Amino acid sequence: MNRDVDVILPDSDVASEVTLDSSSDVGRASPTLKGLQNRESNPKQRTRRPFHFQTTISANRAESPILVDAVPYDNAQEATYSRYKYYQRLRGPAIGDDQALLIPDHVVPSIFFYPYIPGTVPLTGKQSSLITIFAVWNTMMGTSLLSMPWAVEQAGLLAGLSLIVVMAGICFYTAFCILQVYGIYGEKENLADFPDLCMFLLGRVGQWVSVLFSALSLLGASAVYWVLMSNFLYHTVKYVYDLITTTSSVHLFTIDDNSSAFNLFCPDPIDNLSYSSLLNGPLFRNGASTFDKIWNLDLTVPIYMALLLLPLICLKSATFFTKFNALGTVSVFYIMGFVVTKASQWGVHVEFNDTSSPFYVPLLRSNFPALSGMLSLALYLHNCVVSIMKNNRHQESNGRDLSIAYILVALTYLGIGATFYLTFPLEKDCIEDNLLNNFSRSDTLTVIARVFLLFQMMTVFPLLAYILRTQILYAFFNSIYPSFSHVFSLNVALLTICVIFAIFLPQVGTITRFSGALCGLVYVFTLPSILYVVSYRKQNNGHAPAWVYIVHGLIILCGLLNLIAQFIVTN
């Protein structure tokens, strides 16, 4: 009976795919037909053959190498090769520093060794602590930077700065709880990520809850992106149109006489009311130009964005868009530089005592939950903290590295929020939830920011849509791409929701704080606390001290109060 067995050796330089014919008298291994065809079609391709095989090639170097024969050139090395496979099969998974059945160093063929240069660190596929810290920082940085000055203004200076520190501490602790629990069960139970951990400790319900609220957080982020992209696209095209027609631009803001030197605008209070921006916009205003009716922020531009991005988010793979990931880091640094540049031009405008002063800065305001709700999303890392931190080369330093990253994130939000708030040269309640809306459309730095952020967000949004659809489709159909019709229908539903938000509730701050408070209640406050308590009991024969229940119960209560408080915030 003939039986062919394909064997693939792990070494990339010396391994190859070979076919072992068990009926052969000499047990000779010959190359597969597929391997031969690959070599003929791509002569420059490196051979991937067992180390004890040799390849004879044409002596004429001008010609392409031609495989003539491949036979064992040394019986001893062939025996070593077989013994190596035998040891490898008996070895199984290693536990700690167990050295049993490891192939001895003197038996390993010399070609498997490479020179060691003292002072260098062997490549392990892991990343250093510095890269890990930066990855965590970069993951949490995003559109919240544009809204942080508005959120600080809503809370008051002292309450705002205090809330950032407190929320960063809570979010760090709950994220660290996830790492601790995963460190106990992750490798032992072969758990890939946070939803698997919820499945193992909390059952199917825990897994579905984690997937559901992870998808809701992505949906909230998508709605925020859509509002911002529509805003940036509208102002960019309007700026170009104004340049071409050389007419004065029409703004949706009331010009303050004291702001002309800084190209700043204070929003009309009516623009903060639901539906009023649409009903009072150029589409329903008598005397509006044809261009303003065709190109308006309140209705047409969000729809144009949907027509533009729908084909992109229906692509089967989002690999192309991952090539632009570095733009996210560049955009964060640009926003930071933008705020610092403007603040240096304005100077400090603060008054703590005179409540009638336009620069009056209260220390505490009743709207402080707006900041805590926003921070629940701005400091949200919990659904991917395992994936990031398990790539850290020094696993024992995960707690330290995560704490440093959260400190840097908190300092970044403190710096941007406080700097813009304290130096803003108009009434503090003029600060918009998208700080770029406070600037003239013709301001050079603002134009650059809008164009750059528009391009960056248009490359990130397909990634958000891809992650969202993979979670939903895999949960319901056990496949990330069941068919094009499934993907298309889901993407149409996603864009419809985003367009509705952009038309009827184009308020970045409101969307962020509600989605952050809702998803944060589950992902930041509740699930990590429950997982920690369940794990603690599991490790201690069903017992846990009172402080474990009290501390984590209070954390869950904070998340619940944070969500309820969003409904009492007044815009």
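Any Cβ shown, glycine's included, is placed from N, Cα and C.
Nobody curates TrEMBL annotations by hand; they come from automatic prediction.
Remember, predicted model here, so these are calculated numbers, not experimental data.
The region 'Disordered' annotation in TrEMBL covers 18-48.
The transmembrane segment annotation in TrEMBL covers 130-152 (among others).
The feature transmembrane segment is assigned by TrEMBL to 158-185 (among others).
Residues or ranges marked as transmembrane segment by TrEMBL: 205-228 (among others). Outside the transmembrane segment (205-228), and at least 6 residues removed from its termini, the chain residues within Cβ reach (under 8 Å) are 142-143, 146, 194-196, 198-199, 302, 305, 377, 380, 383, 434, 453, 457, 460-461, 464-465, 467-468, 471-472, 475, 494, 497-499, 501-502, 506-508, 511-512, 514-516, 518-519, 522-523, 527, 530.
TrEMBL lists 294-315 (among others) with the feature transmembrane segment.
TrEMBL lists 327-348 (among others) with the feature transmembrane segment.
The transmembrane segment annotation in TrEMBL covers 368-389 (among others).
Packing against the transmembrane segment (401-424) from elsewhere in the chain are residues 129, 132-134, 136-137, 140-141, 144-145, 148-149, 151-153, 157, 160-161, 164-165, 168-169, 171-172, 175-176, 179, 335-336, 339-340, 342-343, 346-350, 361, 375, 378-379, 385, 389, 392, 394, 430-431, 435, 438: each is 6 or more residues past its ends and has a CB under 8 Å from a CB in it. Sequence annotations record features per position, and here TrEMBL assigns transmembrane segment to 401-424 (among others).
The transmembrane segment feature in TrEMBL is assigned to 444-468 (among others).
TrEMBL lists 480-505 (among others) with the feature transmembrane segment.
As annotated by TrEMBL, transmembrane segment applies to 511-534 (among others).
TrEMBL lists 546-569 (among others) with the feature transmembrane segment. Within the same chain, residues 154, 170, 173-174, 366-367, 369-370, 372-373, 376, 513-514, 517-518, 520-521, 524-526, 529-530, 532-533, 536 sit at least 6 positions outside the transmembrane segment (546-569) and bring their C-beta atoms closer than 8 Å to a C-beta of that stretch.
By the count of Cβ pairs under 8 Å, the stretch nearest in packing to the transmembrane segment (130-152) among 294-315, 327-348, 444-468 is 327-348. In this chain, the transmembrane segment (368-389) lies close to the transmembrane segment (511-534): three or more C-beta pairs between them fall below 8 angstroms, excluding pairs fewer than 6 positions apart.
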